[in-house]
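Student: Before I ask anything, here is the structure I am working with.
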Amino acid sequence: MGKVAVGLSGGVDSSVTAGILHRQGYTVEGVTLWLMKGKGQCCSEGMVDAADICEQLGIPHHIVDSRDLFQKYIVDYVVSGYEVGVTPLPCSQCNRMVKFGPMLQWAKAELGIDQIATGHYARIRYNDQTGRYELLRAVDRHKDQSYFLYDLTQEMLAGTLFPLGEMTKGETRQIAAEMQLSTAKKPESQDLCLIEAHGSMKTFLDKYIEQREGEIVDLDGKVLGHHTGIHHYTIGQRKGLGIAAPEPLYVVKLDNVMNRVVVSTRDRAGQSECTVQRMNWLALPGITSPIRAEVQVRYRSGAVPVTVIPLEGDRLKLVFEEPQFGITPGQAAVLYDGDRVLGGGIIEHPEAA
């Protein structure tokens, strides 16, 4: 069947991925990326569990020191975004810059293996007509992770397997139990690795960003309260504002220049359009005229109809069929045609338009 390097985090999904491929006859080598400097759950407990799985399956286990990459492309990226009122999406950045690309390069250079596999819930297929690899949603829509994978390149898709893409999470757990894997009953991680390692995003950010007090204002500029730093907030946030108001208020803008958090009632917070930068096309080589598609602007939000208008360079304008709430600069806007990912990019500040 050939050789494959499986990315092992120490969780049940990557464990089952290794188990399935091993059972299918692949020569499997486990690879765990050492991501964080200092102590953290994702680096200690996960490494131990990954090593246990490799021992159980009888396959080699390699630990790759990726701490400098993680610091540069994730920690610094997240901090610099929050400093200027942007809410970055570290998972998509990590997949491209820390995990898939570097792991493919390492596996080829160190192991002579040109194919990797991970426990992500998504699917990959090759389109003979277009000559392009396509990324599709997972069969298990609730677990689908295609939103975080939009930024992979054609080369990365060509060298990657997603064995869990056709399965449900329940089936994954069942296979883990049947194989008697040591991670079969391990609880699922609910947070970003940064949060798991530091307790909360606030704790993590406060290590790097100075708390700077400012005003919380409404859309008319009326002062409603005060904050201890705009990096403590994100667009669409309702809880933790510390404001007494007759109606629920939501964060609608983070003004880095004035150091203000702007809030509004939900009915005044909709956006009819936004612009996107750093567009990465997957199913298409790009567009030269407007197209209709669906767009997902947050991981847990549904895809909604949109008109996609090309701008200069790697930028697009998205015009929504209906105004959308919580359009967040720094998050991804991922375009879909049914289950197929057309591509995606990063939402810009409204001022950039």
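Glycine is no exception: its Cβ is also placed from the backbone N, Cα and C atoms.
According to Swiss-Prot, the record shows the following:
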| type | residues | note |
| --- | --- | --- |
| BINDING | Gly7, Leu8, Ser9, Gly10, Gly11, Val12, Asp13, Ser14, Leu33, Gly119 | ATP binding site |
| ACT_SITE | Cys94 | active site, nucleophile |
| DISULFID | Cys94-Cys193 | disulfide bond |
| SITE | His120 | site 'Interaction with tRNA' |
| ACT_SITE | Cys193 | active site, cysteine persulfide intermediate |
| SITE | Gln331 | site 'Interaction with tRNA' |
Student: Out of Cys94, Cys193, Gln331, the recorded positions in the record, which is closest to Ser9 (ATP binding site) when you go by Cα distance?
Tutor: Cys193
Student: Could you give the Cα-Cα distance between Asp13 (ATP binding site) and Gln331 (site 'Interaction with tRNA'), in whole Å?
Tutor: 25
Student: Taking the Cβ of each of the recorded positions and counting other Cβ atoms inside 10 Å, which one has the highest number: Leu33, Cys94, Cys193?
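Tutor: Result of the Cβ crowding comparison: Leu33.
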Student: What residue among the binding-site residues Gly7, Gly11 has the most other CB atoms lying within 10 A of its CB?
Tutor: Gly7
Student: According to DSSP, does the residue listed as 'active site, nucleophile' sit in a helix, a strand, or coil?
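Tutor: Going by the DSSP assignment, the residue listed as 'active site, nucleophile' falls within a helical segment, counted as helix.
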Student: According to DSSP, does Leu33 (ATP binding site) sit in a helix, a strand, or coil?
Tutor: strand
Student: For a quick check of understanding: given the listed ATP-binding residues Gly7, Leu8, Ser9, Gly10, Gly11, Val12, Asp13, Ser14, Leu33, Gly119, what is the maximum Cα-Cα distance in angstrom, as an integer?
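Tutor: Largest pairwise Cα separation, rounded: 16 Å.
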Student: Cα-Cα separation of Gly11 (ATP binding site) and Gln331 (site 'Interaction with tRNA'), in Å?
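Tutor: Gly11 (ATP binding site) to Gln331 (site 'Interaction with tRNA'), Cα-Cα distance: 26 Å.
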Student: In which DSSP state, out of helix, strand and coil, do we find Gly7 (ATP binding site)?
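Tutor: It is in a strand.
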